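Novice: Below: one structure in structure tokens.
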Amino acid sequence: MSRARSHLRAALFLAAASARGITTQVAARRGLSAWPVPQEPSMEYQDAVRMLNTLQTNAGYLEQVKRQRGDPQTQLEAMELYLARSGLQVEDLDRLNIIHVTGTKGKGSTCAFTECILRSYGLKTGFFSSPHLVQVRERIRINGQPISPELFTKYFWRLYHRLEETKDGSCVSMPPYFRFLTLMAFHVFLQEKVDLAVVEVGIGGAYDCTNIIRKPVVCGVSSLGIDHTSLLGDTVEKIAWQKGGIFKQGVPAFTVLQPEGPLAVLRDRAQQISCPLYLCPMLEALEEGGPPLTLGLEGEHQRSNAALALQLAHCWLQRQDRHGAGEPKASRPGLLWQLPLAPVFQPTSHMRLGLRNTEWPGRTQVLRRGPLTWYLDGAHTASSAQACVRWFRQALQGRERPSGGPEVRVLLFNATGDRDPAALLKLLQPCQFDYAVFCPNLTEVSSTGNADQQNFTVTLDQVLLRCLEHQQHWNHLDEEQASPDLWSAPSPEPGGSASLLLAPHPPHTCSASSLVFSCISHALQWISQGRDPIFQPPSPPKGLLTHPVAHSGASILREAAAIHVLVTGSLHLVGGVLKLLEPALSQ
């Protein structure tokens, strides 16, 4: 590591230690906690997770996919081989009555809505999603709940040993991390005899390992945007081609309103595969003639996800003869770019209940704890960041203003992978934060005690330097002090409503200050300043110079009548914050 990088890292640890009152850099490296560490699940479960972590992790898997991208059939054949070695054939997956969902933003929320709607009918549901926020078992759910540590442990070791026993010289012993969990989910759902499985695509669609599913009941494509460009392509049209790879001959598919280019690609892809593709009407069309629909997830953008989920659930019920019969029929063929409009129907009481009861942590989630309000939304693409800002500003507009002192706004941000942090931060800047805080996706500097939070794909140096780069991007934007308020113009999204946009926050008298911390717990301790009972206040530093922003900001945060903290960017950052704010999630 260069001398400059060494100095940067030393400065970072110094700032973190100053904010927490740790007297040596060694203590900061050890991740000493100022509050009791929540009791971890049984070591047997943790042992299973540690063994899972020894497999090729997601970042390595992405690199492998990039190398093999020219021959997608090889990837799917490899997944089918793993499936066979585990004791299943692709035909066995037909029994799961799968709903297969892809998209760039909103696919997880769409899946959550869909699963909750169908569960409200009394059906036993399986739900496979990624990534996890706090514990890896969140990725595999039965009836909306993560499988228990005991169930995870049982199925993990059963699959692991079966794959070990079937290895030979012609095949690799174990599938990569994500493929292993996909296989495990299929085994869990089959053994636990679910009535249906909602399966969220990992990355893309055409080459994704979930695409060994050959006969889903119905497929869905949520809103498209730019993400994973090194894998999927650098235009929305290229990404749409990848997403359309989950279409199957004769299997109905639904999508929401997209820009003309990617929508045309989806249409052509569906025609080539002989897949009937339908365009979802707006949620307002389904509300006509009845009371408004109440959504369990906040944010105007969730209405698009809910509209798609209603069509997926309605189609599944029809095709399974659970509620009505017959294929979806277009009400007005050729409505838009030669795509038929999906049927407009009156949502049933079960559908309304499912939409209202949907929970999806880390997405437009609000936690209120005394004077602190935490706004959590894992928005890591430009379009998701736009939706996040609209939701955040709308939430602030509807709040009760305190009378006993000033309000403070804090941004807690991190971005990983091939995302463009400068572009994301520019979208967030008009929220007029008083402080911008950056930290890696580490709950503590040392994560050895929690296997669920371990990440072997990057080094500590890499993640710390990336945070410093984020800070530099933010400071550069702050120095310009001329960033236009992007939210005073009409929504760029198809079907968006300018009436939902908020007036700009009155400009502050001074620019936002920025800080970098070495882990999430250090950042949360500084932000909360002892006003959240979970976190002990940082003690005065001994023998170290106090970072001026940390010192001045601490006084302001302690005196504020209300502190609004937006946690966004990486979902893993959101998960780490949730783990610390809600220790029960780790039990």
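For all residues, glycine too, the Cβ spot is worked out from N, Cα and C.
Under the heading ATP binding site, Swiss-Prot lists Gly106, Lys107, Gly108, Ser109, Arg363, Asp377. According to Swiss-Prot, the Mg(2+) 1 binding site annotation covers Ser130, Glu200, on the basis of similarity to another entry. The annotation Mg(2+) 2 binding site is assigned in Swiss-Prot to His228. According to Swiss-Prot, the N-acetylmethionine annotation covers Met43, on the basis of a large-scale study or a structure entry. The phosphoserine annotation in Swiss-Prot covers Ser539. Per Swiss-Prot, transit peptide is recorded for 1-42, and the stated evidence type is a large-scale study or a structure entry.
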Novice: Do you know offhand how many angstrom separate Ser109 (ATP binding site) and Glu200 (Mg(2+) 1 binding site) by C-alpha?
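Specialist: A Cα-Cα distance of 10 Å.
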Novice: Using only the Cα atoms of Gly106, Lys107, Gly108, Ser109, Arg363, Asp377, which the record gives as binding ATP, return the largest interatomic distance in Å, rounded to a whole number.
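Specialist: Farthest Cα pair among residues binding ATP: 14 Å.
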Novice: Neighbour count, 10 Å Cβ-Cβ cut-off, for Gly106 (ATP binding site): what number do you get?
Specialist: 28
Novice: Using DSSP with the three-state reduction, classify Gly108 (ATP binding site) as helix, strand or coil.
Specialist: helix
Novice: Let me know how many other Cβ atoms fall within 10 Å of the Cβ of Ser109 (ATP binding site).
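Specialist: Looking across every protein chain shown, the total is 26.
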Novice: Can you tell me how far the Cα of Lys107 (ATP binding site) sits from the Cα of Ser130 (Mg(2+) 1 binding site), in Å?
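Specialist: Distance (Cα to Cα, whole Å): 10 Å.
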Novice: Name the residue among the binding-site residues Gly108, Ser130 whose Cβ has the smallest number of other Cβ atoms within 10 Å.
Specialist: Ser130
Novice: Including all protein chains shown, what's the count of other C-beta atoms within 10 A of the C-beta of Arg363 (ATP binding site)?
Specialist: 26
Novice: What is the separation, in Å, between the Cα atoms of Glu200 (Mg(2+) 1 binding site) and Asp377 (ATP binding site)?
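Specialist: About 19 Å separates the two Cα atoms.
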Novice: Given the binding-site residues Gly106, Gly108, Arg363, Asp377, which lie within 10 A of Ser130 (Mg(2+) 1 binding site) by CA-CA distance?
Specialist: Gly108
Novice: Name the residues of the same chain, 6+ apart in sequence, whose Cβ is under 8 Å from the Cβ of Asp377 (ATP binding site)?
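Specialist: Counting only residues 6 or more apart in sequence, the Cβ neighbours of Asp377 (ATP binding site) under 8 Å are Gly299, Gly362, Arg363, Thr364, Gln365, Ser384, Cys388, Trp391, Phe392, Leu566, Val567, Thr568, Val574.
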Novice: Can you name every residue in this chain, apart from Gly106, Lys107, Gly108, Ser109, Arg363, Asp377, with its Cβ inside 8 Å of the center of the Cβ atoms of the recorded ATP site?
Specialist: Lys105, Thr110, Ala112, Leu297, Gln302, Asn305, Trp360, Gly378
Novice: I'd like the number of other C-beta atoms within 10 A of the C-beta of Lys107 (ATP binding site), please.
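Specialist: So the Cβ neighbour count for Lys107 (ATP binding site) comes to 21.
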